[in-house]
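Engineer: Sending over a structure as structure tokens; questions will come in a sec.
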Amino acid sequence: MSKRRVVVTGMGMLSPVGNTVESSWKALLAGQSGIVNIEHFDTTNFSTRFAGLVKGFDCEQYMSKKDARKMDLFIQYGIAAGIQALEDSGLEVNEENAARIGVAIGSGIGGLELIETGHQALIEKGPRKVSPFFVPSTIVNMIAGNLSIMRGLRGPNIAISTACTTGLHNIGHAARMIAYGDADAMVAGGAEKASTPLGMAGFGAAKALSTRNDEPQKASRPWDKDRDGFVLGDGAGIMVLEEYEHAKARGAKIYAEVVGFGMSGDAYHMTSPSEDGSGGALAMEAAMRDAGVTGEQIGYVNAHGTSTPAGDVAEVKGIKRALGEAGTKQVLVSSTKSMTGHLLGAAGSVEAIITVMSLVDQMVPPTINLDNPEEGLGVDLVPHVARKVESMEYAMCNSFGFGGTNGSLIFKRM
């Protein structure tokens, strides 16, 4: 079966550095951090008291207050970014095409905040005080469910949940649905809102988070010798993907083409990556095979780069393994998590959008806080300042998750 070409025609984003793609991209190129102290609950007894938070979000721009009350914030974030993406794409949904337009939006954790408050109501006041909207306001597939209802999208409706690879996997699989004829367009990505007491306590107990409470904006420092864990982030990133001829026929604006998607498993450890980077390398190699490109053709890798001692080094080893010596010498690698923190299930889709924007504007965002780089890495990590490039045709985005689930996407400049 010959595959159909898939392109990106719309993008939407809520992130710790901006509530649109445009504002987020501008902040990232300027090297601005979105990490702040947590003030929406008492963090006195928490080992980490900061996160990458969405700021100034007004749900009523996207839905009624009545509907918002039935949704955890992760759903609201996902719908907001989804509506932004649909409006950006100019894709009109009608009776004739609705069954050919689908949704693939997931979350790594889901409605943690309302799970916490729902459990509290159960314990303190009994089962009759649990909201009748508890289940549909917290389960992972309800971004896709609500958005499809709001916009009349009757094509494939799925929500892949694969920890920190969620957003990327949803985009990759949505692209394949289009490529193999299951849909003509898909709204795809991920959303997360895990900066809750239980979320912060859980990741803190696992010793996964940075504890640099005196300097929150310097806490996320991928590949720096002084890194001490990741910074939790909230937000959503959504793309509208479309079959190329379908997009061209309606005169759509085309940002980039999705040319490669690869997946793999570490088969190594619950939370730590394979030390030699081989798991991530398998996903990158699969994406390059799918795209029909070599390592030397990849101009930029938006790395998973979470600022953990083990993960950062393993990923660079994987990049070098996948791209080869010649590819490693010329590729630029950066981690925008140095500015946004780690958005868990939204990370891969937010960073896929950033990867596309790097092709559109021929600009590579920096890795901030890289003051004392780990020795012997042997790749250009774009420290501190964004980099202007020329004639960059291909860029890759990596996402790796707990359980050893890995994904890579390759986009081509149009």
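Numbering starts at 1 and runs along the chain as it is shown here.
A Cβ is built for glycine as well, from the same backbone N, Cα and C atoms used for every other residue.
The following feature annotations were taken from Swiss-Prot:
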- 3-413: domain 'Ketosynthase family 3 (KS3)' (DOMAIN)
- Cys164: active site, for beta-ketoacyl synthase activity (ACT_SITE)
- His304: active site, for beta-ketoacyl synthase activity (ACT_SITE)
- His342: active site, for beta-ketoacyl synthase activity (ACT_SITE)
Engineer: Using the alpha carbons only, what distance in Å do you get between His342 (active site, for beta-ketoacyl synthase activity) and Cys164 (active site, for beta-ketoacyl synthase activity) once rounded?
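Structural biologist: Here the two Cα atoms are 8 Å apart.
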Engineer: Give me the CA-CA distance between Cys164 (active site, for beta-ketoacyl synthase activity) and His304 (active site, for beta-ketoacyl synthase activity), in Å, as a whole number.
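Structural biologist: About 9 Å separate the Cα atoms of these two residues.
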Engineer: Once the DSSP letters are reduced so that anything not helix or strand counts as coil, what is His304 (active site, for beta-ketoacyl synthase activity)?
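Structural biologist: For His304 (active site, for beta-ketoacyl synthase activity) - judged by DSSP and reduced to three states - the answer is coil.
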Engineer: Please report the number of other Cβ atoms within 10 Å of the Cβ of Cys164 (active site, for beta-ketoacyl synthase activity).
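Structural biologist: Taking every protein chain into account, the count is 27.
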Engineer: Does DSSP give Cys164 (active site, for beta-ketoacyl synthase activity) helix, strand or coil?
Structural biologist: helix
Engineer: Judged by the number of other CB atoms within 10 angstroms, which among His304, His342 is the least packed of the active-site residues?
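Structural biologist: The active-site residues His304, His342 were compared, and His342 has the fewest Cβ atoms within 10 Å.
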Engineer: Please report the DSSP secondary structure of His342 (active site, for beta-ketoacyl synthase activity), reduced to three states.
Structural biologist: strand
